[in-house]
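Feature annotations, courtesy of TrEMBL:
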- 30-281: domain 'G-protein coupled receptors family 1 profile' (DOMAIN)
- 15-37: transmembrane segment (TRANSMEM)
- 49-67: transmembrane segment (TRANSMEM)
- 87-109: transmembrane segment (TRANSMEM)
- 121-146: transmembrane segment (TRANSMEM)
- 185-214: transmembrane segment (TRANSMEM)
- 226-248: transmembrane segment (TRANSMEM)
- 260-283: transmembrane segment (TRANSMEM)
């Protein structure tokens, strides 16, 4: 297949790749710092921060599965990508996105239990339970999205090999097949609805219950204080789902849009959560701030 560059800006691709590379460096440094801070700070070994570690690890893996290959294309004009590599990248993108969605749901449940049933929080969300949730999220992502490349592998690709993005996505690759893709279409849509769609509904339900509990508090100051503990998670949820929905809309209804829009939306979907998540939690969590600043201070010495 042929990866998509920056249509109409081919002569500037090398220079325009600098913001992409910078965003990737920020994502790696930010998520790596969060992982290191939680690892080294015993006070952060709570379910919420362990889920944050999972989120950082998924963001790192998702960005690393796509951005280096894109940069090699922009810098060295390495546009071609083999079928096997493309299907592997496609599987990683969709499976890791499913894992991230599951972790965001687990974080929403953690906030719900902490606010609505605080006395049961320590008993319900133990370290062992948190680890099991992480393993289940990973297993669900693999089980639901492994069939996607397997359904595409036997199909013939006899027409255009030009993709709409600088990496491989299921619908993008599927549209290039010159055979019946109905099973792939049906399964892909079903998997998305059962995984990301259901997660989004359950996250919304969690916050409806949280909001109802908060409104039962007598004082406005108490309401704001309790709900402020959810602000960072709400921002992270929006940073994940808004680009995901935007990319889906562009894929299904944006065939008449300029090709550059598809490329930009794809990069936004991959990089925005990875860049914003550590910044959001770094700003909102003083323990993470202190640990990261202490690490920087020790490094400077």
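The backbone N, Cα and C atoms fix where each Cβ goes, and this holds for glycine too.
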Checking 121-146, 185-214, 226-248 against the transmembrane segment (260-283) for Cβ pairs under 8 Å, the most are found for 226-248
Best-packed against the transmembrane segment (226-248), counting Cβ pairs under 8 Å over 49-67, 87-109, 121-146, is stretch 87-109
Given the cut-off of 8 Å on Cβ pairs that are 6 or more apart in sequence, determine whether the transmembrane segment (49-67) and the transmembrane segment (121-146) share at least 3 such pairs.
-> yes
